[in-house]
Amino acid sequence: MSRKLFTSESVTEGHPDKVADQISDAILDSILAKDPMARVACETFVTTGLVLVGGEISCQCYVDIPKVVRETILEIGYTRAKYGFDGDTCAVLTAIDEQSPDIAMGVDKALEAKTGETTEAEIEAIGAGDQGMMFGYATDETPELMPLPISLAHTMARRLSEVRKTGIVDYLRPDGKTQVTVEYDGDKPSRIDTVVISTQHHPEVDLETIRKDMIEKVALHVLPAELVDDKTRFLINPTGRFVIGGPHGDAGLTGRKIIVDTYGGSARHGGGAFSGKDPTKVDRSAAYAARYVAKNVVAAGLAKRCEVQLAYAIGVAHPVSVRVQTFGTGAVSDEVIIDLINRHFDLRPAGIIKSLELRRPIYKQTAAYGHFGRPDLDLPWECTDKADALRAEAGLK
């Protein structure tokens with residue numbers, strides 16, 4: 001079999017782009033908790049001592065945005081001014097407008113209802129909030145049906161945050177990144193080739209101490225022992241020093257970690273980010289639906305790997321296209337799988353929102369460590385409740 005390497009990365013909740021994502025989703029959750037029908041497109045920019053929140057929000061409630069921002073920053077761990085970013089003292093600026101009425105009229109009443117193609121009741125008067133394509137993916141490499149490299153990178157990033165917050169490693173600061181290179185024998189993971197951990201730290205801690213702790217208390221604590229061998233490389237803070245970090249070291253923006261948020265590069269991406277967007281935005285809801293579909297296809301045994309593409313036009317409820325690729329692993333043809341998908345999944349925005357119960361404040365928890373394959377969270381798009389029906393209708397035992 002051919003041997004090949006594949007690499008994926010993750011970042012901790014203290015990474016500046018993830019700080020921005022979490023602020024945007026914390027604001028979204030705070031609004032949805034009071035007004036589930038709100039329209040939210042919330043973008044965040046963070047830099048040294050400053051948070052700027054902008055976007056378009058239409059809702060029937062009041063949310064204290066600066067308070068939400070500060071609470072989120074403090075929860076992440078930026079609690080002292082010497083970190084260059086502190087939730088108590090940073091400036092918070094807001095520039096919020098209402099959703100464009102031109103967009104709203106397309107979302108509020110879908111094209112099919114206007115032209116009589118279907119009843120307004122059937123589509124719940126919701127058209128897609130924008131055009132675009134979204135991808136979902138699943139593979140049988142891991143129990144959560146995610147690619148192994150991104151799964152391991154997220155697991156290490158969560159562990160890195162855990163040892164900081166619990167004091168197991170008391171010199172760490174919030175910013176950090178992980179990266180895992182997995183060697184494949186054909187399509188099966190065979191070993192871990194390279195592990196990279198970069199973590200912000202107290203200025204007086206030496207690199208050898210950091211290296212020892214990161215290998216023993218982070219990497220080897222969570223990586224599968226059977227995949228680590230004497231040739232596995234561990235690269236810890238390769239530059240030698242990582243004291244200045246977080247928004248003080250790099251500006252952060254909502255939506256700049258879309259590959260970390262999804263499949264670590266193992267599948268294609270439509271380009272749309274998730275955080276700060278209410279579920280009428282198909283960038284988010286349809287990407288969740290595509291994952292839900294792909295995961296159920298793999299869980300049903302219809303394929304070992306499955307990538308689903310959905311595409312939408314603004315103001316139109318039904319997807320303009322549904323595409324499936326199983327990379328030669330299908331137990332049935334891709335055409336049969338598409339037919340099963342069309343019969344078992346309602347992929348109109350209203351149908352997605354209803355079936356996955358997306359008008360709830362459930363988004364902040366997804367804004368770090370990935371939106372998919374999260375055994376630590378109860379996410380509706382990770383459910384495999386359609387697998388039995390798909391398997392039965394496909395005629396598989």
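Glycine is no exception: its Cβ is also placed from the backbone N, Cα and C atoms.
Here's what Swiss-Prot has on this protein:
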- HIS15, ASP175, GLY176, LYS177, ARG241, PHE242, ASP250, ARG256, LYS257, ALA273, LYS277: ATP binding site (BINDING)
- ASP17: Mg(2+) binding site (BINDING)
- GLU43: K(+) binding site (BINDING)
- GLU56, GLN99, ASP250, LYS281: L-methionine binding site (BINDING)
- 99-109: region 'Flexible loop' (REGION)
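The binding-site residues close to GLU56 (L-methionine binding site), defined as a CA atom within 10 A of its CA, are GLU43 out of GLU43, GLY176, ARG241.
Note: the Cα of the residue listed as 'K(+) binding site' and the Cα of LYS277 (ATP binding site) are spaced 9 Å from each other. In the shown protein chains, 28 other C-beta atoms lie within 10 A of the C-beta of GLY176 (ATP binding site). When the binding-site residues GLU43, GLU56 are scored by other C-beta atoms within 10 Å, GLU43 scores highest. Cα distances from LYS281 (L-methionine binding site) to the binding-site residues HIS15, GLY176, ARG241 are smallest for HIS15. Within 10 Å of the Cβ of LYS257 (ATP binding site) there are 25 other Cβ atoms, across all protein chains. Of all the binding-site residues given, namely LYS277, LYS281, the one with the smallest number of surrounding CB atoms inside 10 A is LYS281. Classification of LYS257 (ATP binding site) by DSSP places it in coil, neither helical nor stranded.
Spatially, by CA atoms, the binding-site residues ARG241, ASP250, LYS277 include one closest to the residue listed as 'Mg(2+) binding site', and that is ASP250. Those residues noted as binding ATP (HIS15, ASP175, GLY176, LYS177, ARG241, PHE242, ASP250, ARG256, LYS257, ALA273, LYS277) have their most widely separated CA atoms at a distance of 36 Å. Neighbour density at the Cβ, taken as the number of other Cβ atoms within 10 Å, is lowest among the binding-site residues ASP17, ASP250 for ASP250.
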